[in-house]
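Below: the structure, in structure tokens.
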Amino acid sequence: MRSHNDFESITIRLASPERIKEWSYGEVKKPETINYRTLKPEKDGLFCEKIFGTTKDWECYCGKFKSIRYKGVICDKCGVEVTHSKVRRERMGHIELAAPVSHIWYYRSVPSRMGLLLDMTVNQLKSVLYFEKYVIIDPADSGRSRGELIDEEEYHGYLDEYGDKFVAGIGADAIKELLARIDVDAEARMIRQKIQDKDKISDKRILKRLEVLEAFRDSGNRPEWMVLDIVPVIPPELRPMVQLEGGRFATSDLNDLYRRVINRNNRLKRLLALKAPEIIVRNEKRMLQEAVDALFDNSRRKRAVKGKGNRPLKSISDMLKGKQGRFRQNLLGKRVDYSGRSVIVVGPELKYHEMGLPKKMALELFKPFIMKRLVDLDLAPNIKSAKKKVEAEDKEVFDVLEYVVKEHPVMLNRAPTLHRLGIQAFLPVLVEGKAIKLHPLVCHAFNADFDGDQMAIHVPLTPKAQLETWMLMLSPHNILNPANGHPICGPTQDIVLGIYYLTSELPSEPGAPLKSFSNLDEVHYAIDRGVVEFRTKISVYHQGKILETTPGRLIFNTILPEGYAYVNRPLSDKETNRIIADVYDKYGPAKTVLMLDDIKKLGYRYATLFVPTISIEDIRVSPGKVGLVGDANKEVEKADSEYRKGIITNEERRKKVIEIWTKTNDLITESMFKELEKDKGGFNPVFIMAASGARGSKQQIRQLAGMRGLMAKPSGEIIELAIRSNFREGLSVLEFFISTHGARKGLADTALKTADAGYLTRRLVDISQDVIISEDDCGTEESISLGIVKEGENVIVSLNDRVFGRYTAEDVIDPVTDKVVYPRNTLITREVGQKVENLGYDKIRVRSPLTCESKQGVCIRCYGMDMARLIPAEIGEAVGTIAAQSIGQPGTQLTMRTFHIGGAASAKVQEKEHKVSYTGIVNNINGRLITNEKSQSVFSRRGSIVIQRLIQQYKTEELSNLRVENGQKVDKGELVATSPSGENITSAMPGAVHIENGIFRILGEEAVIPVKTGTVVNVKVNDITQPNQPLAEFDPYNEVGISEIDGTVQWMDLEIGKNVRRDEDLRTSNILLKVIEQRREKLNPRIAVISGGSREEYSVPVDAIISVQDGDKVKAGDILFKIPTVAEKTRDITGGLPRVDELFEARRPKDATTLAETDGKIEISGEIVKEKRVLYIHPDNPDQEKVKVTIPIGKQIRVRNGDFVKRGDQIDDGNLDPHDILRVKGVTALQVYLVQEVQEVYRLQGVHINDKHIEVVVRQMLRKVLITDSGDTSFVNQQQIDRLMFNEENKRVIAEGGSPAESVPILLGLTKASLNTESFFSAASFQETTKVLTDAAIKGKTDNLMGLKENVIIGHMIPAGTGTKKYKDISVFKSAYGDLDRPLEEEEEEEIPQSIADDSDGDE
């Protein structure tokens, strides 16, 4: 017999009336439920036993047949079949309607499917369905057309005129008739023809209509099935009625809704039988329509049907929707048996793979195993008495418990489970008490602490489940973080402190002789005798050489694996983690886990031994603080007076003040740390806690002993009154009051943002859940380029880190010898990466999930290494879910950050000048420079300074025997020449040789420094610059507009009172002229400078502050207007999480920048159309037409008349719109942009996420293409299609000799993409349940159950990991005999050969 679970796919369609009758076991005729006296179901009612089956097992309604003997007999008296009462969960009934009614899903949803088929609007449909207007079905010769609406009078007029030939109807009857008359095929053909005749169809409705028509054509559904003649009644057990104490009944809302339908239907039947007047019948029909609407979807209606207490009743649709609906509550999240939960306490004596299980819990969790064992050992005659024994907690029960629990892994879970490390398996160790004991090093993965956290415990029951738990989920298999491959098991807090103390070194007297020892035992002896301290410097003979070290470090090195290089430095948490990662890399997980337990022991032991304690005396305030605060006060006073004199604006003053305090705070922090470091010989406990990474940060100690600094308002704005005190000195009342902002913001943020991050994770999981590793190699030729990530000059991510765990997409060639070092498809390990770096590469091409061409999921080569185990991913790995967790989990963590700093603001100090940290040579200065009155060179437009690193420089006559030639690349340490004295000259860094005018230079790479308008340049081309020499100076607070010629100012379209506001500052009586938005008139604000025959015009954007009056004389280089840059807000993930959200949802930014669509020359026309300026780009190629660009008047334009732009350049200010990047620059540019921007946010928070996780999500966002020309394919224009389906269909059409479809890639945000998945189950359980199901039913969609979610919903094993199709057919046998899957009874029936019976000692 096939099990009902053995199916590959599920199809959803509209049900025909015949189909509904087939399902039904009888008609429900009465609205009654149960008899109030006998409490038995009423016959023909909603709970009727004749229709839905018996309520008592093997017993009919009247009691004539009572026992399993009569199985299948139908009682002649009451008509009830003798069977299981379970059938009441599956047998359906039906209600025969006296008049057809329309299904609310199909006429009320947007877009209305019925409306599209009939070409009517929802309101027109409603007026017909609710009996307000007639619709013409057959117009005869009236000159009207089918589907038109007419009112009562017209109807009667036409009837009198044309008699029976004219047919019009009202109500669902008429709609049904119209639907039945639609010839879906012909209509679809007609529309396709129409589309082909026209070039561009502007009416989207036509395309939508075509889609619906073709859906009906292809799915075999009939349009008239959207109107119901029969309503199915769902089984009574699914809408139960239960008796409460006190004799009242609680019933499901569905019963009330069904009752209304039946009542109205029966009343309508009677009215029709009595031939009642039309108006009464119509009213009843309308009420029936409303009753059925309410039954199917009560929340869709304007006035929902209310039950007791004015609560809207829950209809069938509401049962499916939302977090409490069927999908999310019962199908995707079920409660699990064999589980318990309790508070956790720390278990420092446990091994890494163990957890302490309270005996009380173990007794309950392992009950069935204990009972079986008791019976097996003949300690109990049968299961029943064994159960009694367990409940009585007899002595032998506890002896058995030890045996049962041994080597039976259990799973621990801490909510919220943000990533897969939130559930791990351990071996239980029985403990007294009621609390679960947890190993301290796994806390980080669970994000657990011992302040009252609770954890849940689950017991895997079957041998297969235990095996899987053992092999995959045991904690030693999970010591790396899947997000980045770093250890997640590193020590924290006390352990770190203990290790740091143990490995640190006391400052010794200079020149004092060191004590010497010959081996470790001697050192131990000396410590025990008190001759040396753990941290004294000693010299010792170790592994064949003499070491200068400390006894503590010797002790620490004993726990490292044999052969590991001696660690001779103080170990902070970062250092310890580095060692763990290194040991994992070199020795594998087994050795690492052993070492972890030793580290834990050492850490706790020495933290106890050194007893670091904190007292208020340890918080040392730096004596230099008073002076620094005094200086700051003076500077603030100076800024104030400048403002009062009118030299600077209020906004500039504010920014200056904030900068002064930020800088002062940094200086105080520095001097405070120096103070702390000197205190107690470098062992000040507060300092050590921060230095070792055990607790606290620079930020927190700064607030304790420095100054609290600037605080942020809830809006993120910075309050310019700095808090000058610290917590050691205590805050003044005002300071305390300002502080309250931050404290409250922290708490509010935590609450709100956690929900946001959780929702982000949910959307990420939803979009990427069906990305599973499906094959070894998809064979694609595509790849992406990955390189070093820099911020200014600093390398933030090295090449090795960036490409680690990928496969190379091209051969890696040694640039010197031209030999292939690593062929294509080499896995990049740490060594390979290091070697590639040493070859001088700064970027290479690698395989990526973005370019993978697998039909389902991605392939191993494109994905690369599984970051949690550092080996290539395996087929069946659910990499999509891992990616979603890796991105979502830090989001949730980071939102909690504000909480700890207490709202102290962090603003960056604004740079005023451009400089580089090395010696350089100025290669080029791009841009237009003018000399101003002070004879400084000023950039009058945006430009750039190109500077190249100068590594070495010699005069050629100082060198003899040159080994290199001009332009040649050299590596670090490569011999380039010898000096006349015969010394070898080698290159200090990789670079290129440059010989010119008798000077030999080795130059590094070029750096291009972009500069803004108004920047003053201090260098010339070919200047040699010193490290940190200011190359150029600029105004950090304003963008400026600069005159390029001497002349007279003329205001154009600038009028005070219209688009210029005259602000007078009351405090200083300075006057500011500010440009504001002007809607009514078409003004194009500009400032012109006129000099003789020439004139230059400058567009003035909104918010600009005008610095010159009409008629003023100006010199070249003078400032015409300033645009204040936006005040810095604090940058924390609060800014970050919405940013990530915005990127993944692919939202268009508010003021998106305009990108140049082509290369060419700018022409600013001066035209204004609809409050937008018009620009033209003239392409280089004269055959191409000029491209028109429109820009809102208020925005600042980045280009000037006659400038050249490249395709994709920004023309005005604003944020980049990802959709524009896709359109203008293409898919690759967009992928790079999205990955970079998301990484930027996380990097700012110090969170490491491997690029590949973000790439997996971006791949899913770019799955669809938009059809622009359907060719001979079955697609419709403007339809969104999966890229793979698009390619398949095109292949098919080309093979048949047709013309393929054309498309453009589109970017879908998370929510849109999730709702557009191929699987309707997955989409329905995500959001907009009814809409998804409506759509799927009409299209007759088939869900092939490819993703994880669909399979969880229908109760299959997920097609990932051990459930992958590839592994389905593998069967496991126990000692080559008997199948593990087979039920036990079968096994007992077979004669087991003696030899096997002997060695199978209960290993099941």
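Any Cβ shown, glycine's included, is placed from N, Cα and C.
For Cys75 (Zn(2+) 1 binding site), the same-chain residues lying six or more positions away in sequence with a CB closer than 8 A to its CB are Cys60, Tyr61, Cys62, Lys64, Phe65, Glu81, Val82. As annotated by Swiss-Prot, Zn(2+) 1 binding site applies to Cys60, Cys62, Cys75, Cys78, with the evidence given as sequence analysis.
Taking the Cβ of Asp451 (Mg(2+) binding site) as reference, no residue of its chain lies under 8 Å away while being at least six apart in sequence. The Mg(2+) binding site annotation in Swiss-Prot covers Asp449, Asp451, Asp453.
Residue density at Cys859 (Zn(2+) 2 binding site): 22 other Cβ atoms are found within 10 A of its Cβ, drawing on all protein chains shown. Here Swiss-Prot flags Cys778, Cys852, Cys859, Cys862 as Zn(2+) 2 binding site.
Residues or ranges marked as region 'Disordered' in Swiss-Prot: 1381-1404.
Per Swiss-Prot, the feature compositional bias 'Acidic residues' maps to 1384-1404.
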Among Cys778, Cys862, which are binding-site residues, the residue with the most C-beta atoms within 10 angstroms of its C-beta: Cys862
Candidate binding-site residues Asp449, Asp453, Cys852, Cys859, Cys862, pick with smallest Cα gap to Cys78 (Zn(2+) 1 binding site): Asp453
Sparsest-packed of the listed binding-site residues (Asp449, Asp453) - C-beta count within 10 angstroms: Asp449
Chain-internal residues near Cys852 (Zn(2+) 2 binding site), provided their CB is under 8 angstroms and they sit 6+ positions away: Cys778, Thr780, Val858, Cys859, Cys862, Tyr863, Arg1259
Least Cβ-crowded entry, counting other Cβ within 10 Å, from the binding-site residues listed as Cys60, Cys62: Cys62
Environment of Asp449, Asp451, Asp453, the listed Mg(2+) site - residues of the same chain whose CB lies within 8 A of the CB centroid: Ile344, Ala448, Phe450, Gly452
Shell of the Zn(2+) 2 site beyond Cys778, Cys852, Cys859, Cys862, same chain only (C-beta within 8 angstroms of their C-beta centre): Glu775, Asp777, Thr780, Arg847, Pro849, Thr851, Glu853, Ser854, Val858, Ile860, Arg861, Tyr863
Cys859 (Zn(2+) 2 binding site) - helix vs strand vs coil (DSSP): strand
For the Zn(2+) 1 site built from Cys60, Cys62, Cys75, Cys78, further residues of that chain with CB within 8 A of the site's CB center: Tyr61, Gly63, Lys64, Phe65, Asp76, Lys77, Gly79, Val80
For Cys78 (Zn(2+) 1 binding site), the three-state class that DSSP assigns: coil
For Cys60 (Zn(2+) 1 binding site): DSSP state (helix, strand, coil): coil
